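**Q** I have a structure I would like to understand better, so I am pasting it below and will then ask my questions one at a time.
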């Protein structure tokens, strides 16, 4: 490896370790809290599932990164296809669980008198479950069609490396286009949640000012913490999606591919750290753990 690849390797390993530690920490804390209380809240269920999916996504990204850094001849096209399936599944659940978390914050925190909003708020758990199940059916249908066709192409041209390489490039570009189309929905929903939370916060501050009260009340702080979580998710998700699209179009350009994968890995690692710091329970456990480490 040259100097650039060594630098990318070090950064990737730091992100990989940080992301796994952060997500594993979330899983352990919520598991301990669940055993103590004998129940788990809806928010903790979503965050725990999100942490599990992000651990899987980090490992899938590491597999793709490893296949480009080291000799690609050691990787069969079937192994590459398998790692692609793992990435597609974990990426899908990471995206939609993050979107569902944004919706959860919106309906739990925002205050609107709209009849549809109030109806969805009353049925929130059922609404989120339906969204999760429908999105799951879509991803498995997508994987069934795309990967069966990809494996069939490669099997027909088993002995022709040149043709197989071209087919992989075509499949990568096609998958990138499908990725862009599929991710319009969760990105649009998350963006809508951000805008509605901002509007709700603005309306709340206006009411507080009208009644002559201060702006640092509990509802304002809850709005701000939710916005920090949702906005950070949206920005990191947009950055990650851009990296996936660029890497899909530049799969033969190894430096660009590795750079995009490394930047994209900050999404499942960085947002989990933001979740820990923005969640009162997780933050308290983290500070307690750090104090015990110092002793």
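Every residue gets a Cβ built from N, Cα and C, even glycine.
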**Q** Per the topological domain annotation in Swiss-Prot, are residue 2 and residue 83 located on the same side of the membrane?
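**A** For residue 2 and residue 83, the topology recorded in Swiss-Prot gives the same membrane side.
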**Q** Just to confirm what the record says: which one of 111, 160 has N-linked glycosylation site annotated in Swiss-Prot?
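**A** With Swiss-Prot as the source, N-linked glycosylation site is noted for 160.
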**Q** Taking contact to mean 3 or more CB pairs closer than 8 A (sequence separation of 6 or more), are the transmembrane segment (6-26) and the transmembrane segment (231-251) in contact?
**A** no
**Q** Considering only Cβ pairs under 8 Å, which range in 46-66, 84-104, 126-146, 178-198 makes the most contacts with the transmembrane segment (256-276)?
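**A** By the under-8 Å Cβ criterion, the transmembrane segment (256-276) pairs most with 46-66.
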**Q** Just to confirm my parser: what is the rounded mean pLDDT across the topological domain 'Extracellular' (67-83)?
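**A** Residues in the topological domain 'Extracellular' (67-83) carry a mean pLDDT of 63 in this prediction.
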